[in-house]
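Student: Handing you this structure, nothing more for now.
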Ligand SMILES: NC(=O)c1ccc[n+]([C@@H]2O[C@H](COP(=O)([O-])OP(=O)(O)OC[C@H]3O[C@@H](n4cnc5c(N)ncnc54)[C@H](O)[C@@H]3O)[C@@H](O)[C@H]2O)c1
């Protein structure tokens, strides 16, 4: 039986933990917050995933050494701001025979590293190594928790590692593809959250489906331009972790980034929007890094830059459309 430790007891970590456990994997959940482990192990429920029941076969621990011991796969499912600290804590207990899977989506502002790169960085600092695979796509936890059909991609330059993750995570309702462009896959997962903020702002201002479709399509053009400049594969951006994730994040009622954007469009401040959403809004975390990447690779990203100007208080949301529409006319 494949043994998997899941780091993080948020909605995505627990939705995946349940999926894996009901499909015959041996699952242990680690969290930095012992009280949530106690609640999960006694109620078998997650407060943000109503109606989902966790199988009694799942194990829980607040001890990261115990979580790592004897596992085939270590799944990083903490929000992006905690990936580095979690990797640092886990590194001493990780061996090179273990596969690491990252599902957190973001780019670190200071280093411009993707989440997988952060994990590798922390392993290297502690003279450790392991194969790290990114698992990303259009996958809302709320639907996976209810066994609704979902497609995702396991990405690694090491094709054997990606295939091992594909095999370990595939179930009758959860279909895993592979690709060899981990960086492009992770870039899509991070930048789409910023585009979702833009779509939310547009909807909050009262604009319609035309604006939504325009922002998704042109948002994908920005993402692809950046990714290609960074050496990623163009086809990644029309795949599950590119266009697929953009569509779900920019149209779903489950999207926190879309929700946060709508609140901003209604005139709320960033802090008010974050408080009202109540869970991590990864687009806000990824925004500074996306802007710095655009600058570093000299790529024009007008939608991302407009979101940055709105959140930074340099542009009123109500003026953003005029500034985007008033740019020089160009070929598609
Ligand atoms: N929710 C989804 O549908 C979904 C889908 C795909 C990817 N993701 C990505 O997965 C990641 C996690 O998302 P989520 O929805 O589970 O977030 P969440 O806000 O539900 O996660 C909260 C959890 O983070 C953990 N945490 C809090 N503080 C911590 C700390 N200091 N150190 C370590 N862990 C801490 C706790 O276990 C807490 O329950 C994000 O990067 C997100 O973009 C989420």
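Keep in mind that glycine also has a Cβ here, set from the backbone N, Cα and C atoms.
Curation does not apply to TrEMBL; its annotations are automatic.
Pulled from TrEMBL, these are the listed features:
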type	residues	note
ACT_SITE	192	active site, proton acceptor
BINDING	8, 9, 10, 11, 12, 13, 82, 141, 256	NAD(+) binding site
BINDING	11, 12, 105, 141, 256, 280, 282	NADPH binding site
BINDING	105, 137, 139, 192, 245, 255, 256, 257	sn-glycerol 3-phosphate binding site
BINDING	105, 256, 257	substrate binding site
DOMAIN	3-162	domain 'Glycerol-3-phosphate dehydrogenase NAD-dependent N-terminal'
DOMAIN	181-321	domain 'Glycerol-3-phosphate dehydrogenase NAD-dependent C-terminal'
Student: Rounded to the nearest angstrom, how far is the Cα of residue 245 (sn-glycerol 3-phosphate binding site) from the Cα of residue 82 (NAD(+) binding site)?
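Tutor: One finds 22 Å between the Cα atoms of these residues.
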Student: In the structure shown, which of the binding-site residues 8, 10, 137 has the fewest other Cβ atoms within 10 Å?
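Tutor: Output over binding-site residues 8, 10, 137: least Cβ neighbours within 10 Å is 10.
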Student: If you count, for each of the recorded positions 105, 192, 256, the other Cβ atoms lying within 10 Å of its Cβ, which residue has the minimum?
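Tutor: Each of the recorded positions 105, 192, 256 was scored by Cβ atoms within 10 Å; lowest is 256.
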Student: Select, from 82, 139, 256, each of the binding-site residues with a Cβ positioned under 6 A from at least one atom of ligand 1; if none does, say none.
Tutor: 82, 139
Student: Which recorded positions are spatial neighbours of residue 280 (NADPH binding site) here, meaning Cα within 10 Å, out of 8, 137, 139, 192, 257?
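Tutor: Hits: 257.
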Student: Give me the count of other Cβ atoms within 10 A of the Cβ belonging to residue 280 (NADPH binding site).
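Tutor: Taking all protein chains shown, residue 280 (NADPH binding site) has 23 Cβ neighbours within 10 Å.
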Student: Given the recorded positions 8, 12, 192, 245, 256, which lie close to residue 141 (NADPH binding site), meaning Cα to Cα within 10 A?
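Tutor: Cα within 10 Å of residue 141 (NADPH binding site): 12.
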Student: Compare all C-alpha positions of 11, 12, 105, 141, 256, 280, 282, the record's NADPH binders, and send over the largest distance in angstrom.
Tutor: 15
Student: Please compare the binding-site residues 139, 257 by how many other CB atoms fall within 10 Å of each one's CB, and tell me which has the fewest.
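Tutor: Minimum Cβ neighbour count within 10 Å, taken over the binding-site residues 139, 257, occurs at 139.
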Student: Measuring Cα to Cα, how far is residue 245 (sn-glycerol 3-phosphate binding site) from residue 12 (NAD(+) binding site) in Å?
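Tutor: Cα to Cα, residue 245 (sn-glycerol 3-phosphate binding site) and residue 12 (NAD(+) binding site) are separated by 15 Å.
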Student: Given a 10 Å Cβ-Cβ cut-off, pick out the one of the binding-site residues 82, 141, 245 that has the most other Cβ atoms nearby.
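Tutor: Counting Cβ neighbours within 10 Å, the top one is 245.
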